[in-house]
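Participant: Below, the features straight out of Swiss-Prot:
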- Lys37: active site, proton acceptor (ACT_SITE)
- Lys37: N6-(pyridoxal phosphate)lysine (MOD_RES)
- Arg135, Met305: substrate binding site (BINDING)
- Tyr257: active site, proton acceptor (ACT_SITE)
Amino acid sequence: MTDAQDTRITIDLDALAHNYAALRARAGDAEVAPAVKADAYGLGAAPVADRLWAEGARSFYVARLAEGVALRRSLGDREATIYVLDGATPGSGEALEGAQLVPVLNSLPQVEAWNVQARSGRLRAALHIDTGMNRLGLRPEELKVLVGSFDRLKRLDVELVVSHLACADTPEHPLNATQLARFQEAAALLPGVRRSLANSGGLFLGEAYRFDQTRPGVSLYGGGPEGRPHPEIRAVATVEAPILQVRVVPRGESIGYGAGWTASDNTRVAIVAAGYADGVPRAAFPRGEVWFDGARRPMLGRVSMDLIAVDVTDCDAARPGAMVELFGANLPVDDAADAAGTSAYERLTRLTLRGVRRYVGGAR
């Protein structure tokens, strides 16, 4: 089998660097600490972090302990700060300390566990405050208990307090201002400790949300901060798949499982080697499109595991081996995601190892 038969994922590291620079300009004096969790949103944490380090990034965020250990190994002797959003989960202490990872502590038991881990010397930590998302994080009243009990923090160097915005992609949502006020109040209990609130969307909410550090993710990788294309953000990943066969479906006949689409006229159809096993959502039909031969072209029928059908009527360029763009430089990932009722986050992170990655613009 050759690469020409596979889904091809082209990752433009120069576009990544452009997006990082655009977000740094938005951040003002605040640090920009990239989120490279989920294998850098499906694009490869090692080469992505490598390029972002070259562009000036010195702090990174991952979700899982294993991601942090792998990133530390990838970065080698470079003195990056790697924050682990899961925090100090049961049994993780030795591995966190061994890889010099900084847990984002999410609960009083995690604080206590990390304090115990620090029995042989002080350890770095960040504290996560829940300001209204109601996932992970210390409630403000728990933070008050914590700062009032010196023993719980005596072995820890708390260097950062963070929270996470639930509705940053909707600037007018009232929860943004509510979370900002709660975060300001909570952070005031830890004077001198650096603060971090803004994700990708938060960077576009205004200066008040930036504080000392920002943590962009999806907008580094080509997704707009409000779930739609943004002029400051370039596509980083272009995903293509080959046409396997071109056929004419006669009027009155249907395509695919469940006979989900029926031809109203004789229709020239390309069968493309991409399906939900390659990250194309099953929900992409009936609104899904691809880019081929200079235009958007509709998907026809249900998405199957390995295949989609595309209308290529009056398109002479459609032939076996020709590559169809699923999203990327011509079809923004936000638009492709919206057509399937999902987000750029999901479209990117669902890219699978079945696709062949190719790095351009500064690859290792």
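In case you wondered, yes, glycine gets a Cβ from its N, Cα and C as well.
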Participant: What Cα-Cα separation, expressed in whole Å, is found between Met305 (substrate binding site) and Lys37 (active site, proton acceptor)?
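Facilitator: So the alpha carbons of Met305 (substrate binding site) and Lys37 (active site, proton acceptor) sit roughly 26 Å from each other.
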Participant: Between Lys37 (active site, proton acceptor) and Arg135 (substrate binding site), how many Å separate their Cα atoms?
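Facilitator: So the Cα of Arg135 (substrate binding site) lies 17 Å away from that of Lys37 (active site, proton acceptor).
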Participant: Should Met305 (substrate binding site) be counted as helix, strand, or coil on the basis of DSSP?
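Facilitator: DSSP assigns Met305 (substrate binding site) to coil.
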Participant: Using a 10 angstroms cut-off on Cβ to Cβ distances, just flag whichever of Lys37, Arg135 is the loneliest among these recorded positions.
Facilitator: Arg135
Participant: In whole Å, how far does the CA atom of Tyr257 (active site, proton acceptor) lie from that of Arg135 (substrate binding site)?
Facilitator: 38
Participant: So how many other Cβ atoms are close to Met305 (substrate binding site), meaning within 10 Å of its Cβ?
Facilitator: 11
